[in-house]
């Protein structure tokens, strides 16, 4: 990962347009690392567009195994397909369709061992959308009102349904649920609502990036395992929950190396990590040796 100074614009840089470097926010980079799929696994990215997390998963898996990247919206699916082509990753299959329509009993999905679920959300954690407090009409109750609006209730209902569906895949060992929302209704409340189902299926909450200080809101027993990021930490507002099946928990490896790098505020300008990208057969991706993130230091 390269860390660049604020204000650096690389969107038209040849390294970016050629797919050798991908631009991604720091908090967004934490999602695939929290899932930490092993090389050779079969993985689903349930709501994959625009695809940055998808190709990050492919890199973490050394190009081994397979990733099924689902996207319901046809226009967003085009962006996903473009991202995958630009990366050169050859272990990603894009599926234009609804993740919720996948039959979990279908033999072709029997070997899925990890799922990344980053569903549609309010986007309230994106700092550019969090400027309402500057308005003269803003009141302290506005955030609570936004978090309980009809739109948020509709989104959280979909999120609960998608998370319940993801938990029902028979061979899944690790599942990450993430949003770029700051609202409890889309985050802790969604996780809390599916915990009885998760427990009945053998899952428990694990702690991604244990060094990270900002955890979930203390609204239920176990919320300390959840992870939140906030613009106060020079990040977007993100939420991550990691479910691990108990039978596989002993073998599950926490992304401690990356967690340390992301969980502590480092003063160095950049770090490099190339080993995870060498196994791709594509010539373009074999030349790619960094995953780039623009965020403040």
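Yeah, the Cβs are placed from backbone N, Cα and C, and that goes for glycine too.
As recorded in TrEMBL:
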type     : residues                                : note
ACT_SITE : 180                                     : active site, nucleophile
BINDING  : 47, 48, 49, 50, 51, 52, 53, 71, 98, 118 : S-adenosyl-L-methionine binding site
DOMAIN   : 1-246                                   : domain 'SAM-dependent MTase RsmB/NOP-type'
Average model confidence [pLDDT] within the domain 'SAM-dependent MTase RsmB/NOP-type' (1-246): 90
Same-chain residues at least 6 apart in sequence whose Cβ lies under 8 Å from residue 53 (S-adenosyl-L-methionine binding site): 28, 31, 32, 45, 116, 118
Long-range Cβ environment of residue 51 (S-adenosyl-L-methionine binding site), under 8 Å and at least 6 residues apart: 69, 79, 80, 81, 82, 83, 84, 87
Cα-Cα distance maximum in Å, computed over every pair in 47, 48, 49, 50, 51, 52, 53, 71, 98, 118 that the record assigns to S-adenosyl-L-methionine: 19
All-chain count of other Cβ atoms within 10 Å of residue 98 (S-adenosyl-L-methionine binding site): 14
Cβ-based isolation winner (fewest other Cβ atoms within 10 Å) among the recorded positions 49, 180: 180
Distant-in-sequence Cβ neighbours of residue 47 (S-adenosyl-L-methionine binding site), under 8 Å, six or more positions away: 70, 71, 72, 99, 117, 118, 119, 120, 162
